[in-house]
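Worksheet: the structure to be examined is printed underneath.
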Amino acid sequence: MAAWETKGMAEALPDANPPAGDKPQSTSGEMSHAPAALALTADGKTPQEVGWVAPTAYNYLLYNASGKDSASHSAATATNDDPDREINTEATGYQLPVTESYQGVAQGEWHSNAKVYEWNDEYGDIGPKFDQLEKQLFGDVNRVRTGINFANISEIEVIQEGTVRIDPVRLFDDAGLHPAMLENVKLAGYTQCTPVQAYTLPAILKGYDIVACAQTGSGKTAAYLIPTLSKLMGKAKKLAAFRPNPATFEAGVSAAVRAEPLILVVAPSRELATQIFDEARRFCYRTMLRPCVIYGGGPTIDQIRQLEKGCDVLIATPGRLCDFMDRTHLLTLKRLKYIVIDEADELLTSDWEQEMNKIMSGGDQEEGNITYLLYSATFPKTARDIAKNHLAHEHVRIRVGRAGSSHVNIKQDIVFVESSLKRQALLDLLMSKPPARTIVFVNSKRAADEVDDFLFNKGLPCTSIHADRTQREREDAIRAFRSGTSPILVATGVSARGLDIHNVMHVINYDLPSTQFGGIEEYTHRIGRTGRIGNLGLATSFYNDHDEDLGATLVKTLLETKQVIPDFLHQYLPEGFTAEGEGDAAQLKFETDSDFGDGTEETAAEDGGDPGQAASGEAWGAAEEPAGATSDWGVTKEPATDTSGWGTTGDSGAW
Ligand SMILES: Nc1ncnc2c1ncn2[C@@H]1O[C@H](COP(=O)(O)OP(=O)(O)OP(=O)(O)O)[C@@H](O)[C@H]1O
């Protein structure tokens, strides 16, 4: 068997769509004799014969040209009844092929122009339904649906830290949501809250600042969007700034307004910002709350056109936001009620210090009026230290599982592959398994281009994304991957954070993220692109001597979810653990544990939930006070001293 050959992968891809006929054979060893052109399996099958769709070439010249006059794509006059918007070719003189669409955004369109519900001042409390728009927002077959292990994500221990305790809510029906929001939650297909939602929903509705750390794919976006939007829905008419009536608005003719959002969501990547915007478009449906997204690389003029129609929920990447904050005639933060920092640990680092400083406290917002909500799947100490400066003294800290832990629904394989053999190993891996949506992570832009070219020339349907690509290319690549036209995406870490894409069955770390590329936190975020919201997934990582700095933490991460430890990593096995992954996971010591507790933490299993229920794998979430609990749930508790490193003394201001 070749060094890179893995075991048990086919079983880990239960939802993959295997080609008709026999399962493809492993091709290790034989591939070097294959013709230079197409990849072939051991029995001579091409990628298409084993079931991969044919690769689609991307016309860089054509699509990049389309970015030159992006204003022509403006949706300034779109209404709720429009059929799928056509690209306006008159102004530019070229015809864009509109092939793939995701939630109503076709290739060739900017995501910032995606259709939102256009409120008419004549509507009552809740606007009428619009079938076309509803179908686009909620009906897309490519949206992520809960998987067979949804119950698993509800079994994870929830720890409350800090000064405040919250009674969790189990069902959205019981959460006291605005009727329009409840309808939208139902249209989205959500009934049961995930743990992070169960705690932070009531906490936000009660008005607390929040720090929440929960595993990848556990519904953090909805955990902050649903309660913030719901809370504002009843008061929108009073709180929201004046805006022109969309029913009569004409771009360039009607008076434009300055955007005065009530909610600001900051996300570190453009891809994540547009994805959050999609979620906001869904949850704002049939209400007057108007979401907008601004991000670098996209056409500023289009984004301005959207803002000047009014904006209540602004989703933004930091750079573009700071840029717009300087243009006070376009945007003011003075009405802000909520600032949400998604992927907070990424944004609360020195890399973003200048921008985040300005956003958190340097705008014209009234600091005392703002609720801060910080969410992430990982939370190293440096980020926690910075976060504490912005939180009110009485805030809610929720941790679902260990901060930075990976999910049991993800099978993690580590295979030894020398650097010079990685391409071949990748090809063999892709050809030997049932075709499935796959993300291949590399550590450099150059590697992304090279691996993409290599796979494409071998007949595999791939696309790639990295920071040197134009925004047009980035949006098209994600759309092609989402729609399945290019089910293999080669990516650098830029796109790791937060991407939520239907049915990603396999994540391959072609390069492991060594410390300089984000280390184990980056690993957790990358593999978390699969196994989301109760679905199963597989993560395969190529390891060699260059990755030794990751060895020890990687082994602990694997042991935490009882993964098999390959022999070349046995040297890192802590005492008391076997190579089969057996051992007491509670004994594993991680850096992120070290200062998390402050002596006031309580776990749902111990105090708030029902341990028996959780252990038996049934649906979790104690909506009622558990029998026998002596708890002070819902009661504010002051710790005598704060030893956590989080701090509870919330001195406001810049870090
Ligand atoms: N209560 C729920 N029931 C069913 N599906 C849900 C629920 N909450 C969220 N989802 C879906 O789960 C998926 C993952 O959610 P989301 O992207 O918010 O995860 P996340 O925790 O932010 O992940 P990451 O840390 O990777 O950013 C989304 O497709 C979302 O629509």
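Heads up, the Cβ atoms here are built off N, Cα and C, so glycines get one too.
Straight from TrEMBL, the features:
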- 1-32: region 'Disordered' (REGION)
- 170-198: motif 'Q motif' (MOTIF)
- 170-198: domain 'DEAD-box RNA helicase Q' (DOMAIN)
- 201-397: domain 'Helicase ATP-binding' (DOMAIN)
- 409-581: domain 'Helicase C-terminal' (DOMAIN)
- 592-655: region 'Disordered' (REGION)
- 593-609: compositional bias 'Acidic residues' (COMPBIAS)
- 614-629: compositional bias 'Low complexity' (COMPBIAS)
- 641-655: compositional bias 'Low complexity' (COMPBIAS)
Below 8 angstroms Cβ to Cβ, which residues of this chain, lying six or more residues outside the motif 'Q motif' (170-198), approach it?
125-126, 134, 137-138, 145-146, 150, 153-154, 156, 158, 205, 212, 214, 218-220, 222-223, 226-227, 229-231, 233-234, 282-287, 375, 398, 400, 533, 604, 619-623
Take the domain 'DEAD-box RNA helicase Q' (170-198) and average the pLDDT across it for me.
95
For the motif 'Q motif' (170-198), the DSSP helix/strand/coil residue counts are 16 helix, 2 strand, 11 coil
